[in-house]
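> The structure that follows is given in the form of structure tokens.
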Amino acid sequence: MGCTLSAEDKAAVERSKMIDRNLREDGEKAAREVKLLLLGAGESGKSTIVKQMKIIHEAGYSEEECKQYKAVVYSNTIQSIIAIIRAMGRLKIDFGDSARADDARQLFVLAGAAEEGFMTAELAGVIKRLWKDSGVQACFNRSREYQLNDSAAYYLNDLDRIAQPNYIPTQQDVLRTRVKTTGIVETHFTFKDLHFKMFDVGGQRSERKKWIHCFEGVTAIIFCVALSDYDLVLAEDEEMNRMHESMKLFDSTCNNKWFTDTSIILFLNKKDLFEEKIKKSPLTICYPEYAGSNTYEEAAAYIQCQFEDLNKRKDTKEIYTHFTCATDTKNVQFVFDAVTDVIIKNNLKDCGLF
């Protein structure tokens, strides 16, 4: 008897081949789908990274979209100068020129218009005079002692431009805006033949309980830390050092049972602010045991070790660390390229294709 296959056997073989082919295609498709979860304490730069993805991997912000940020730029500018003026009272700092006290009173009267998206010439003049005052500058230089937006100097130094009647925010202006993220913001884009879904989760503590169970099985976590937070306290808890809070959160994320097989990418962000700050504010404020120099390289390397040492699965889990400046598009582009290569490698490995 020959070994020819019956029609039934042939159909079974074809079916088997088709199942194998479908499984392979599903595996390749799964390898091309990337879910990224952005985590980190409040104001660590997560939302700025999301904005950069829109600029780098999509068409950026249209003129119409930029116009919609005008009120946010004005609101951030006003909030910043008001925060400084209020802190002067608390820190007992006087105006360099006593006439500025009248400007400060005017500021509170006129502030409402800017919150609505209008900057009158009168209000711009008041803010400019206040910002130039030596007492205001002295208070600004002590901003670690109160809560102040990182973008304060960026906007206040550029008041002539942003106060123009026909002002339209630039991409950089949009990147610098600060709006507290609540809930979950989802962004989609394609890069290197991968389909990315990026989830930005509200950083403040009250939001954290919304996270973990939803995100089992994400491809990678990008955990953002603001390097420049080492000498600051939390907005939600004036006793807690921000860097210590970040470390606590990183520990619980990195060693979480839901994320055993998830790649952890650590963005040590705001390196530009850290480089300036470390010259004046010693790292021992945060790490009393630190005995190194207050140079950028040595202090940054020490912080990196503090975070990487929290990983309890060193033998099986690698932390991929990058120093970033989330407002610098070229830097984020370069880093994200490297991150994507790691994701591709790990993804193919998981799908048995590498």
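Backbone N, Cα and C define each Cβ position, glycine as well.
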> Can you identify, from 35-48, 133-146, 245-258, the stretch that Swiss-Prot calls region 'G1 motif'?
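Feature region 'G1 motif' in Swiss-Prot: residues 35-48.
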> Which is it, of 6-11, 156-161, 288-293, 324-329, that Swiss-Prot names as region 'G5 motif'?
324-329
> For the region 'G4 motif' (265-272), give me same-chain residues lying six or more residues beyond its boundaries with a C-beta closer than 8 angstroms to one of its C-beta atoms, as numbers and ranges.
40, 44-45, 49, 150, 220-229, 250, 296, 300, 303-304, 307-308, 319-328, 335, 339, 342
> Same chain only, please: residues at least 6 beyond the ends of the region 'G2 motif' (173-181) with a C-beta under 8 Å from a C-beta of the stretch. Say none if there are none.
42-43, 46-48, 51-52, 55, 61, 65-66, 69, 72-73, 76, 149-151, 154-155, 162, 200-204, 207, 326-327, 329
> So how many of the residues in the region 'G2 motif' (173-181) end up helix, strand or coil by DSSP?
4 helix, 0 strand, 5 coil
> For the C-alpha pair, I'd like the distance in angstrom between Ser47 (Mg(2+) binding site) and Lys270 (GTP binding site), rounded off.
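Approximately 13 Å lies between the Cα of Ser47 (Mg(2+) binding site) and that of Lys270 (GTP binding site).
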> What residues elsewhere in the chain lie close to the region 'G5 motif' (324-329), defined as a C-beta under 8 angstroms and at least 6 residues from its ends?
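Same-chain residues near the region 'G5 motif' (324-329) but 6 or more away: 45, 48-49, 52, 55-56, 171-172, 175-176, 224, 267-272, 335.
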